[in-house]
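Visitor: Heads up, here are the entries from Swiss-Prot:
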- His96, His98, Glu102, His140: Fe(2+) binding site (BINDING)
- His96, His98, Glu102, His140: Ni(2+) binding site (BINDING)
- Glu95: site 'May play a role in metal incorporation in vivo' (SITE)
- Asp101: site 'May play a role in transmitting local conformational changes' (SITE)
- Arg104: site 'Important to generate the dianion' (SITE)
Amino acid sequence: MTTLSIYHRPHITQPIQQLTAFNDIASLLASAGIQLEHWQAEAPPLNASSETILTQYHADIERLKQQEGYTSADVISLTPNHAERKALREKFLQEHTHSEDEVRFFVRGSGAFFVPIGEQVFQLTCEAGDLLRVPANTPHWFDCGEFPDFVAIRIFTNPEGWVGHFTGRETFH
């Protein structure tokens, strides 16, 4: 289930608000400039190639490309037995920005995006079918969990713009 928990810094042990209704979550995020959509997700076979997954969602990807000017897409897949899962998680957990929008569509599995907005931190747990667009230059971090198990499509304007610029600020998960 897609959920949004809102924390107030520095008291991050207990959320001050939790939402589970998708439309309420999308509306609140939109007020902060963050886009959340739900696409129909059909889990691909476990060993599906990136090409197979991109073909499966071609029409939706092309619609976004035309609407927003994105030019390319790829697939990221992390599993509990991925050789670099610990290092990747540590990297994702560092607050960073990108010089372009961060667009992710969860094909399978889930993960949590954290976006600090003023004195609050939004924790959005995305699941299969969720498309998230975090605007360019917005600080955020991502927790895929100790044993990540997700497949997501990443959509870019320029793959070089996806490179993270780390802020060095403290995060939590």
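Just so you know, glycine gets a Cβ as well, placed from its N, Cα and C.
Structural setting of the listed features?
Guide: Shown in sequence order, Glu95, His96, Thr97, Glu102, Phe113, Phe114, Val115, Pro116, Val134 are the residues of the chain, 6+ apart in sequence, with a C-beta less than 8 angstroms from the C-beta of His140 (Fe(2+) binding site).
Using a 10 Å Cβ-Cβ cutoff, His98 (Fe(2+) binding site) registers 19 neighbours.
Within 10 Å of the C-beta of Glu95 (site 'May play a role in metal incorporation in vivo') there are 18 other C-beta atoms, taking all protein chains into account.
Just so you know, the Cβ of Asp101 (site 'May play a role in transmitting local conformational changes') picks up 23 other Cβ atoms within 10 Å once every protein chain is counted.
Look at Arg104 (site 'Important to generate the dianion'): DSSP puts it in a strand. Sequence-distant neighbours of Arg104 (site 'Important to generate the dianion') (same chain, 6+ apart, CB under 8 A from its CB) are Cys126, Leu131, Leu132, Ala152, Ile153, Arg154, Ile155.
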Visitor: Other than His96, His98, Glu102, His140 themselves, what residues in this chain have Cβ atoms within 8 Å of the centroid of the Fe(2+) site's Cβ atoms?
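Guide: In sequence order, the nearby non-listed residues are Thr97, Val134, Thr138, Pro139, Trp141, Gly164.
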Visitor: In DSSP terms, helix, strand or coil for His98 (Fe(2+) binding site)?
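Guide: Its secondary structure by DSSP: coil.
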